[in-house]
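Here's what Swiss-Prot has on this protein:
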type	residues	note
BINDING	Tyr58	chlorophyll b 1 binding site
BINDING	Trp80, Ser86, Glu99, Arg219	chlorophyll a 1 binding site
BINDING	His102	chlorophyll a 2 binding site
BINDING	Arg104, Val153, Leu182	chlorophyll b 2 binding site
BINDING	Gln137, Leu147, Glu214	chlorophyll a 3 binding site
BINDING	Ser157, Glu173	chlorophyll b 3 binding site
BINDING	Gln165, Phe262	chlorophyll b 5 binding site
BINDING	Gln165, Arg176	chlorophyll b 4 binding site
BINDING	Lys213, Gln231	chlorophyll a 5 binding site
BINDING	Asn217	chlorophyll a 4 binding site
BINDING	His246, Ala255	chlorophyll a 6 binding site
MOD_RES	Arg35	N2-acetylarginine
MOD_RES	Thr37	phosphothreonine
TRANSIT	1-34	transit peptide
TRANSMEM	100-120	transmembrane segment
TRANSMEM	152-172	transmembrane segment
TRANSMEM	220-240	transmembrane segment
Amino acid sequence: MAAATMALSSSSFAGKAVNVPSSSEITRNGKVTMRKTVTKAKPVSSGSPWYGPDRVKYLGPFSGEAPSYLTGEFPGDYGWDTAGLSADPATFAKNRKLEVIHCRWTMLGALGCVFPELFARNGVKFGEAVWFKAGSQIFKEGGLDYLGNPSLVHAQSILAIWACQVVLMGAVEGYRVAGGPLGEVIDPLYPGGSFDPLGLADDPEAFAELEVKEIKNGRLAMFSMFGFFVQAIVTGKGPLENLADHLADPVNNNAWAFATNFVPGK
C-alpha cells in the first residue's frame with residue numbers, strides 16, 4: 001500500500017488521471033472485480049435523415065412545422081404530436097421509455113404468435129399452435145411443458161408458470177434497470193454491455209440508425225398485435241390461418257366483409 005502511494009505521488013504520474021477502483025469493486029479476498037460499463041454514444045452526425053430539424057416528417061413535405069419541443073433529438077420523432085402528449089418534458093421522457101419497452105415486448109410477442117403456427121404448418125408438433133389457445137393447455141391432462149419438452153418446466157398450475165415468469169423476466173429487467181452481475185448500468189433504456197454481446201452499439205452512427213429501426217419496427221409490431229387480437233375475437237383463428245383464408249378468397253375474407261357482419265339489423 002505504501003509503495004502504491006509513493007508511486008502515485010511521483011513526478012511520472014503528475015497531472016495524469018488514475019483510475020482507482022471503488023470500494024464495491026474490491027472483494028473481501030482483496031481482488032479487484034472489473035465491472036463492465038457502458039459509455040454513452042456520441043451524437044449522430046447532422047447528415048442523418050432521421051435526426052435534427054431537417055429529418056423526415058410524418059407527411060413528408062406536407063407535414064408543416066413540427067412543435068418546438070420535438071427537435072429530432074430522439075429516434076422515431078417525426079414531428080407529429082397533435083394531442084400535445086410530449087409537451088411536458090417529464091411526461092415525454094416517461095412515455096418515450098414506455099414506448100421503447102412496449103415495442104420490444106410486442107416484437108417478441110408478434111413472433112411468438114406467428115412462429116408456432118408456422119412451425120405447425122411445417123410438421124412440427126405443438127400441443128396448441130394458435131397463440132390465444134395455447135394457454136388453455138395448462139388445464140388439460142398433462143399440463144403445459146416449456147418449449148414442448150417435459151424434461152424442462154412441467155406445469156399444471158398457473159401459479160407455477162407465473163413464478164417462472166417473475167423469476168426469469170423480473171431478474172433480467174432488474175439487471176437492466178439497476179445493474180447487477182451483468183455489470184453497471186448507465187442508461188437503463190439502452191444498457192449495452194452484456195446486453196449487447198455482438199457490439200452493435202459500438203459505432204455511434206450505426207447505433208443511431210438501429211434505434212430508429214427498433215422504434216419503427218416496434219410500432220408496426222404494436223399495430224400487428226392489435227390486429228391479432230381483433231382477428232382472434234372476430235374469426236377465432238390464428239394470424240397465419242386468417243392470411244391463408246384471405247389469399248384463398250380475398251373477396252369474402254377481408255376486414256370489410258367481417259365488419260359488415262356486425263351491422264345492426266343484418
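Easy rule for this one: first residue shown is 1, then count along the chain.
Just so it is clear, glycine is given a Cβ too, placed from its N, Cα and C backbone atoms.
Shown in sequence order, Gly76, Asp77, Tyr78, Asp81, Leu85, Asn95 are the same-chain residues outside Trp80, Ser86, Glu99, Arg219 whose Cβ sits within 8 Å of the Cβ centre of the chlorophyll a 1 site.
When the Cα atoms are compared, the residue listed as 'chlorophyll b 1 binding site' and Gln137 (chlorophyll a 3 binding site) turn out to be 44 Å apart. Away from its own ends, the transmembrane segment (220-240) comes close to residues 102-103, 106-107, 109-110, 113-114, 117-118, 121, 129-132, 258 of its chain (Cβ-Cβ under 8 Å, at least six residues beyond either end). A C-beta separation below 8 Å, combined with a sequence spacing of at least six in one chain, links His246 (chlorophyll a 6 binding site) to Asn253, Asn254. A C-beta separation below 8 Å, combined with a sequence spacing of at least six in one chain, links Glu99 (chlorophyll a 1 binding site) to Gly76, Ile215, Gly218. Taking the Cα of Glu214 (chlorophyll a 3 binding site) as the reference point, the closest of the binding-site residues Ser86, His102, Ser157, Gln231 is His102.
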